[in-house]
Amino acid sequence: MCSVLAIALVVALLGDMHPGVKSSTTSAVTSPSNTTVTSTTSISTSNNVSSAVTTTVQTSTSSASTSVIATTQKEGHLYTVNCEASYSYDQVSLNATCKVILLNNTKNPDILSVTCYARTDCKGPFTQVGYLSAFPSNDKGKLHLSYNATAQELLISGLRPQETTEYTCSFFSWGRHHNATWDLFTYPIYAVYGTRLNATTMRVRVLLQEHEHCLLNGSSLYHPNSTVHLHQGDQLIPPWNISNVTYNGQRLREFVFYLNGTYTVVRLHVQIAGRSFTTTYVFIKSDPLFEDRLLAYGVLAFLVFMVIILLYVTYMLARRRDWSYKRLEEPVEEKKHPVPYFKQW
C-alpha cells in the first residue's frame, strides 16, 4: 500500500515540474471510399494539464466509372430497311411499305417499336406522325402503322399529304437502332396513261410537271440528267421517247414507254438531276388521247362507210338511168311478119 502511494506522489511531482509535456492519442480510420482520417483526442484535467491537440486529415479519393452489363441483353441483329411510297391515282390515300432485310442471320429481328416523323421543308423539325410499339400504347398519329412479322414489313397508310414531304422512321430492336428515310413527291407526277396496242404490247405515257422543292437542291425536271424509269420485274425500262407537251394549258414533260404485257399498276422511279424519288406505285388509267383518237377514227370510219354506200347507190342509180336512156335512144325495129298464107281449096 505504501509503495502505491509513493508511485502516485512521484507522478504528481513530475507533472508539476513539466507542464508542457503533451500526450496525444491517435486513431486512424479508413473509410470504404479509401479516405483516411487521422484525429487526436484533447484531454483536460482538473490540474490544468492538457494534452496537445494535433489533428491531421488525409483524404485520398479515387473516382471510377461504373459499368453495368445486363446479362439478359440479346445480341442485336444486323438489318437494313428500304421504304417505298405509293398512293392511289386519285391522290387521296397514301400507302408505304418498309421492308426489313437481315444481314447477319436468318432470324427475324425483334422490333420493339417504330416511330415515324415527317416534315415539309428541309430545315424545320420533324413532327411525329405515327408510332407502333410491341407494348400497348395510346399514341395515335396521322398515319396508321402495322407490322407484318411474317414478311418483315412495316405497312404505313393514311391520307396523302398536299405537298412534298420527307419522312423518316426509326426502328428500335434489341441492341439496334436504325433510321429509314424516304421522300414522297406529290406534284411532279401529273398522270400516267396506258394504251393496249395489242395482246402483247402496251404503251404507257408518263406526264410530269415542273416541281420546285428544297430536296431537289435547285434542280429542274428539264435538266438533261432528269429522267424516268419503269420497273418491269427486276428490269429498269428506259423511256422510248421524251418530249415537251401542253395538256390542259399546262406545260408538261412526257415520257413514253412500251411494255410487254398488260398492266394496271406500274412502279415508277423518277430521277431529277441526281435526286431519286422513292419508287412509287402508280395506277394506270386509260389514255384520253387514245380515246379521243379512237372516237375520231370511229367517226371517220363511219363517214367513209356512208360515203362508200352513197357512191355505190349513186353508181347503181346512174347505171340504171343510163340503161333507160339507152333503151329510149335505140331505134325500134319493126318486126317483119310473114305474109299471111291462105290455103287454097
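Here the Cβ of each residue, glycine as well, is placed from N, Cα and C on the backbone.
The domain 'Ig-like V-type' annotation in Swiss-Prot covers 91-190. What Swiss-Prot records for Asn34, Asn48, Asn95, Asn104, Asn148, Asn179, Asn198, Asn217, Asn225, Asn241, Asn244, Asn260 is N-linked glycosylation site. What Swiss-Prot lists as region 'Disordered' is 23-43. Residues or ranges marked as signal peptide in Swiss-Prot: 1-23. Annotation comment: Swiss-Prot describes 24-293 as topological domain 'Virion surface'. The feature topological domain 'Intravirion' is assigned by Swiss-Prot to 315-345, with sequence analysis given as support. Feature annotation from Swiss-Prot assigns transmembrane segment to 294-314.
Structure coloured by features recorded in Swiss-Prot.
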{"residue": "Asn148", "record": "N-linked glycosylation site", "Cβ contacts under 8 Å, 6 or more apart": "Leu154, Leu155"}
{"residue": "Asn179", "record": "N-linked glycosylation site", "Cβ contacts under 8 Å, 6 or more apart": "Thr168, Cys169, Ser170, Phe171"}
{"residue": "Asn198", "record": "N-linked glycosylation site", "Cβ contacts under 8 Å, 6 or more apart": "none"}
{"residue": "Asn241", "record": "N-linked glycosylation site", "Cβ contacts under 8 Å, 6 or more apart": "Glu254, Phe255, Val256"}
{"residue": "Asn244", "record": "N-linked glycosylation site", "Cβ contacts under 8 Å, 6 or more apart": "Tyr222, Arg251, Leu252, Arg253, Glu254"}
{"residue": "Asn260", "record": "N-linked glycosylation site", "Cβ contacts under 8 Å, 6 or more apart": "Thr200, Thr201, Met202, Gln232"}
Here are some glycosylation sites: Asn95, Asn104. Which one has the most Cβ atoms within 10 Å of its Cβ?
Asn95
Do you know the DSSP helix, strand and coil residue counts for the domain 'Ig-like V-type' (91-190)?
0 helix, 58 strand, 42 coil
10 Å Cβ neighbour count around Asn217 (N-linked glycosylation site)?
11
Just give me the nearest neighbour of Asn95 (N-linked glycosylation site) among the glycosylation sites Asn104, Asn217, Asn225, Cα to Cα.
Asn217
Euclidean distance between Cα atoms of Asn217 (N-linked glycosylation site) and Asn104 (N-linked glycosylation site), Å:
36
Calculate the per-residue pLDDT averaged over the topological domain 'Intravirion' (315-345) and state the result as an integer.
64
Please report the number of other Cβ atoms within 10 Å of the Cβ of Asn225 (N-linked glycosylation site).
10
State the Cα to Cα distance, in Å, between Asn225 (N-linked glycosylation site) and Asn217 (N-linked glycosylation site), rounded to an integer.
14
Look up Asn217 (N-linked glycosylation site) in the DSSP assignment and reduce it to helix, strand or coil.
coil
